[in-house]
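**Q** Below are the structure tokens for one structure; questions will follow.
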Amino acid sequence: MSKTITTDAASQQAPDEPTKTKTTNWWRRIVGLVWDSVEGDPRERKYVQKLDTFLFSYICLGYFIKVLDQNNYSNAFVSGMKEDLELYGNERNFLNTYFNLGIIIGTVPAQLIQLSVIRPSYWIPACEILWSALTMVMASAKNVKTLYALRFFVGLLEACSFPGYSSLLGGWYGPNELTKRVAIFEQTTAIANMFSGYLQAGLYKSMNGKHGLAGWRWLFIMDGIISIPIAIYGIFAIPDLPHTTKAIYWTKEDKEYGVKRIERIGRGAPRKLSLQVLKKVYFDWHIWLFIFAYVWVAEAGFGTSFFNLWLKAEGYSVYQCNVLPTAGSAISVVTAFVFGIYVDRTKQRLLTSIFIQLLLLVSNIMLSIWNIPRAALFFAFYLSFAGAGSQAIVIAWGNELNGHDPNLRQLLVATGNMFTYTFSMTAPLVLFPTYDAPHYKYGYQILILAGGLGVIGLFLLRWQERFEQPKRDRLRAAQVAAESARAVQLDEESDRGARKDEANVTVESPETTIASR
């Protein structure tokens, strides 16, 4: 039988932390090293578990279908689409370009709509349903121009997803919980790519030619069928934000607890955006410092996108071109999760991120040299997948550093995404042209430069953290003082009410007592 012991450590804690409750249950201690919602204060534990069950599960599933519908063209390309539609030029890169153009145009407007017009619980699932339908329509494409148009609109609708999911996570989870969850949510990218590879390989074997459709066309149809039920689930699972939630699974006590909890860790209530607020956000240095680190850390690992093209050039089968990259995706999932857990427990964001960038540096140097044994090239490509964890660290770091301003926090990833997708749109055309595949003249050398700039960005985030720490401490102390003042006021009002009730009590007289008998 397990028992819990509430310690007096509360008096030694930082003012922004809830009272800790230690448990003697051995399995909770062990699992708690990995996942925070199984150990600690029972009230906190129950609340975070409910949050994980609905919001976090949906975000992982939602991002899974987003990536599935975004990257399926790559599996289709090496599975017959190239030959069927005669795509022998730079069309593969243009398919990516049109999608990225939709993302770039739609990202910030999508966040403005989510902040000021339509609740995330309606807006994001609606976009998901529409882009899933368009993904299924791609199966009917007779030429590449149709695919260009469809890819653009899929990108435009998907623009709400990654920044929307990131801002929802940052709006509900605290600094000791956020990094590992962002890492897992991001790594549904790898899981989706693995799934897409296995799905395309299976469809190519079992469905190629069925009902007159090539295997690559069946991939688009199956992706849409998988996506729509998940989008419908989002309508019920997304709780919006703590101050505005109407989720059916929260009780009144849960809602009150959620607001106090998120304010205690320094996250402000959402405010509707105006032109003046936007001007304040974009004329402030905070967002641009974050974007500098976010973009270059992300782009240093861009080389993973070209693994399957090298496999195809080396003569591997369609099945192998789809399946072999999934091992890299598995590496990405494991390393990002491990790094996320480590950072949440130790707060060693800078050192961990620099270590990841060093792994990418080794990978990009090897790919730049290129004329090395095949086994070494396999190692270099697989090593590049280990770089995925640093972007999750930067996202969680940015949420913590800028959590006091909800509008700034909400626009961090949205604006950063505009720049990363701009790079993703132009880099393949300039640095990684299809006609140079699989050996690119200077693409990987530019990724080495991106990694160096990313390290500079990480040091700038560390400088911001140190520079603004006194300000954050003052804000949190003021919030704690305000909570204490409210508690005292409520106690005084309760005492006055009790005294008033006592004064109104009528003492029975002897005559009344006799009459009542």
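Cβ atoms here come from the backbone N, Cα and C positions, even for glycine.
Keep in mind it's a predicted model, so treat the numbers as computed, not measured.
OK, TrEMBL features for this one:
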- 1-14: compositional bias 'Polar residues' (COMPBIAS)
- 506-517: compositional bias 'Polar residues' (COMPBIAS)
- 55-469: domain 'Major facilitator superfamily (MFS) profile' (DOMAIN)
- 1-21: region 'Disordered' (REGION)
- 488-517: region 'Disordered' (REGION)
- 98-116: transmembrane segment (TRANSMEM)
- 148-168: transmembrane segment (TRANSMEM)
- 216-236: transmembrane segment (TRANSMEM)
- 287-311: transmembrane segment (TRANSMEM)
- 323-343: transmembrane segment (TRANSMEM)
- 350-370: transmembrane segment (TRANSMEM)
- 376-399: transmembrane segment (TRANSMEM)
- 411-430: transmembrane segment (TRANSMEM)
- 442-461: transmembrane segment (TRANSMEM)
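If you look at the structure here, what lies around each of the features I listed?
**A** Sequence-distant contacts of the transmembrane segment (216-236), counting only residues of its own chain at least 6 positions beyond either end whose CB sits under 8 Å from a CB of the stretch, comprise 54, 58, 61-62, 64-65, 68-69, 72, 75-77, 79-81, 84, 121-122, 124-125, 128-129, 131-133, 135-140, 196, 199-200, 203-204, 207-208, 210, 247-248.
Same-chain residues lying 6+ beyond the ends of the transmembrane segment (323-343) with a Cβ under 8 Å from its Cβ atoms: 33-34, 179-184, 186-187, 189-191, 193-194, 197-198, 201, 304, 307-308, 311, 316, 349, 352, 356, 381-382, 384-386, 388-390, 392-393, 396.
Distant neighbours of the transmembrane segment (350-370): 297, 300-301, 303, 339, 342-343, 376-377, 379-381, 383-384, 386-387, 389-390, 393-394, 439, 444-445, 447-448, 451, 454-455, 458-459, 461-462; these residues of the same chain sit at least 6 beyond its ends, with a Cβ under 8 Å from one of its Cβ atoms.
Under 8 Å from some Cβ of the transmembrane segment (411-430) lie the Cβ atoms of residues 90, 93-94, 96-97, 100-101, 103-104, 107-108, 110-111, 159, 162-163, 166-167, 281-282, 287, 290-291, 294-295, 298-299, 302, 305, 395, 398-399, 402, 443, 446, all in the same chain and six or more residues away from its ends.
Remote same-chain residues near the transmembrane segment (442-461) are listed as 289-290, 292-297, 299-303, 349-350, 353-354, 357, 360-361, 364-365, 367-368, 390, 394, 397-398, 401, 427, 431-432 (criterion: CB distance under 8 Å, separation of at least six residues from the stretch ends).
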**Q** So if I exclude everything within five residues of the ends of the transmembrane segment (376-399), which remaining residues of that chain have a CB under 8 angstroms from its CBs? That is, six or more out.
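**A** For the transmembrane segment (376-399), the far contacts come to 166, 169-170, 175, 178-179, 182-183, 185-187, 189-190, 290, 293-294, 297-298, 300-301, 303-304, 307, 310, 327-329, 331-332, 335-336, 338-340, 343, 349, 352-353, 356-357, 359-360, 362-364, 366-367, 370, 409, 412-413, 454, 457-458, 461, 465.
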**Q** Go through the chain and flag residues at least 6 beyond the ends of the transmembrane segment (98-116) whose CB is under 8 A from any CB in it; none is fine as an answer.
**A** 70, 123-124, 127, 148-149, 151-160, 163-164, 167, 270, 272-273, 407, 410-411, 414-415, 417-418, 421-422, 424-425
**Q** Using a Cβ-Cβ cut-off of under 8 Å, list the residues of the same chain that are 6+ residues beyond the ends of the transmembrane segment (287-311) and lie near it.
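**A** For the transmembrane segment (287-311), the list is 74-75, 78, 281, 320-322, 324-325, 328, 332, 353, 357, 360-361, 363-364, 367, 377, 381, 384-385, 387-388, 390-391, 394-395, 398, 401-402, 408, 411-413, 415-416, 419-420, 423-424, 427-428, 432, 434, 437-438, 440, 443-444, 447-448, 450-451, 453-454, 456-458, 460-461, 464.
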**Q** Can you work out the mean pLDDT of the predicted model over the domain 'Major facilitator superfamily (MFS) profile' (55-469)?
**A** 88
